[in-house]
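Before any comments, here is the structure.
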């Protein structure tokens, strides 16, 4: 039945990931009063009578999300943890626990898994996270990692995606597009290597962007910094799929529009030079390149003085009324509509 | 590197699942005071200041844990939830939330996933569980489901694996071996079908055991029953890998031995008749057949009167001092040593 290529069937690529999840889960009910937040944020929120507990989960699959020909296993383990911690920090919460489930084919010896777990452990030690459970099993092909992260926060501290107001400032941490460009460099070197295995790649000019791809850091420091500055964002999300896509989530859930400025997008010099080398538009990379794991948030305009000039933060625009849509103001002062370009693993 | 067949490498099959998890995680530290229990029970336990939160996770892989040629997708969705809820009930807790992560190849149309989610939803509606998150992505091959279940309990109600005392009675709910035998029948019918697709199987004689395999129920009712009876077990575990393997966990963690009686093992008549037909020893099936999702627990001998005669519960033996080991007393009154025969997906 499953192999039936009947034309009445609907292919998954048509829906994309977000469409698929909302389609499949739209009829589910909430039964328990402990469930404070369900599917549509970086984490779910549960209250068991004390502080709130936050839960997020991510699946990483060889050949879809990572390529072991240039991703060392230790980095993979580290990154798999970061991807999940980033979701907890995006709720303004403290990440405390993870579970790790792993499926591997017999082609992997124990020593390979030790490398992977060395990376997971480095992440746990660096971010003070407890590994509390998991499941390890064989797969028929390749490697798959499923991580669930659990965090904690006072109820009043949690920041959702739906609190942005029409005049709020839009702020991002760090810089954008590096992880995507790092991947382009690694893919190119892989192809060179396949043609001539003796070629020794010189990657010195790309160290920053390759590190952004292979060893990203979740921004644990940003919620701490915001607390120090005395700023509470009205909405927050982590940038995993790309700036446009994340802005789309905040705008949709907060029922507002947004206007961002091309000349305000934070770009590392290595991103700019590599974009020139690859002949790619750096603005496109900043808008649509995923995996930076920076935080995107909105703050009331009254907080401008606390944010401006901070080397970790860039004000890139402001929210607008919903009917004005999502727009980018170019360097030439033209206004163009932004498209949400979330990453679709099914296409 | 990974494909290197160097003889110094250690194959995963040598360690098995339990050995592998403990090998890979032995150097991890606990950093957070909210972590009350880590890796070695049915669930991890977290305290955020109110009631305790319990977390468990399981990975099910096509070709390893299920075969879609006889497992309808709706049943698969239902069973994947049951496997996780069972771990929460085995801690004497109330299951309240799940996250569902799914990886599927493009061979599955949307309608197939709708069937799967119909089963997940039926489980959620029947057991009053909230679906609070997940991740859906493509795989390079087949289907994989990773579920995390979250429960809640008062601290004093949680039952771990390590509390059994040397004179405690050993009790199991329901009956054993049905799910394993149901699988044997389905495997046989699959082979018959492959030889002659026109053959119509008559499965009337196997309805109970096939249902045990395809649509198991987690024993939510047992913690409730124990509360009614005024009995608090000293240790508890769910029977997913087989009675011997679960007894081994309780004995090891509680530092006791055990003695169980062959003639006390609860067997359904359909299990006995199918064992005869397949020429398999029904005691072996009860001891080593997995996936029954019954609960195994120990109670002080003073609770004998409250348990005996209850149609849902069977007293199958008692704990002993640790140095007496794990033993089975046969119908012929011979004592033989029990072996833990956990299921090893790597072998």
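Placed from the backbone N, Cα and C atoms, the Cβ positions cover glycine too.
Residues annotated as domain 'PurM-like N-terminal' in TrEMBL: B:41-153.
The Mg(2+) 4 binding site annotation in TrEMBL covers B:42, B:56, B:87. Secondary structure at residue B:42 (Mg(2+) 4 binding site), as computed by DSSP, is coil.
Here TrEMBL flags B:57, B:58, B:135 as Mg(2+) 1 binding site. In this structure, residue B:57 (Mg(2+) 1 binding site) is part of a beta strand by DSSP. Shown in sequence order, B:84, B:146, B:147, B:148, B:149 are the residues of the chain, 6+ apart in sequence, with a C-beta less than 8 angstroms from the C-beta of residue B:57 (Mg(2+) 1 binding site).
For residue B:87 (Mg(2+) 4 binding site), the Cβ neighbour count at a 10 Å cut-off comes to 26, with all displayed protein chains included. DSSP assigns residue B:87 (Mg(2+) 4 binding site) to a helix in the three-state reduction. The Mg(2+) 2 binding site annotation in TrEMBL covers B:58, B:87.
In the three-state DSSP scheme, residue B:291 (substrate binding site) falls into the coil class. The Cβ of residue B:291 (substrate binding site) has 23 other Cβ atoms within 10 Å, all protein chains considered. The feature substrate binding site is assigned by TrEMBL to B:65, B:291, B:343.
Per TrEMBL, the feature ATP binding site maps to B:117, B:134, B:135, B:161, B:240. Residues within less than 8 Å, Cβ to Cβ, of residue B:117 (ATP binding site) and separated from it by at least 6 positions along the same chain comprise B:77. Secondary structure at residue B:117 (ATP binding site), as computed by DSSP, is helix.
Classification of residue B:241 (Mg(2+) 5 binding site) by DSSP places it in coil, neither helical nor stranded. Under the heading Mg(2+) 5 binding site, TrEMBL lists B:241.
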Surrounding CB atoms that lie within 10 Å of the CB of residue B:42 (Mg(2+) 4 binding site), all protein chains:
27
Does residue B:161 (ATP binding site) have same-chain partners at least 6 apart in sequence with Cβ under 8 Å from its own Cβ, and which are they?
B:40, B:41, B:42, B:235, B:236, B:237, B:249, B:250, B:253, B:254
Between B:58, B:135, B:241, which of the binding-site residues has its C-beta surrounded by the fewest other C-beta atoms within 10 Å?
B:135
Students should find that the binding-site residues B:87, B:117, B:161, B:240, B:241, B:291 with a Cβ under 8 Å from chain A are B:117
Roughly how many Å lie between the Cα atoms of residue B:56 (Mg(2+) 4 binding site) and residue B:291 (substrate binding site), rounded to a whole value?
16
Are there residues of the same chain, six or more positions away from residue B:134 (ATP binding site), whose CB falls under 8 angstroms from its CB, and which are they?
B:99, B:100, B:101, B:102
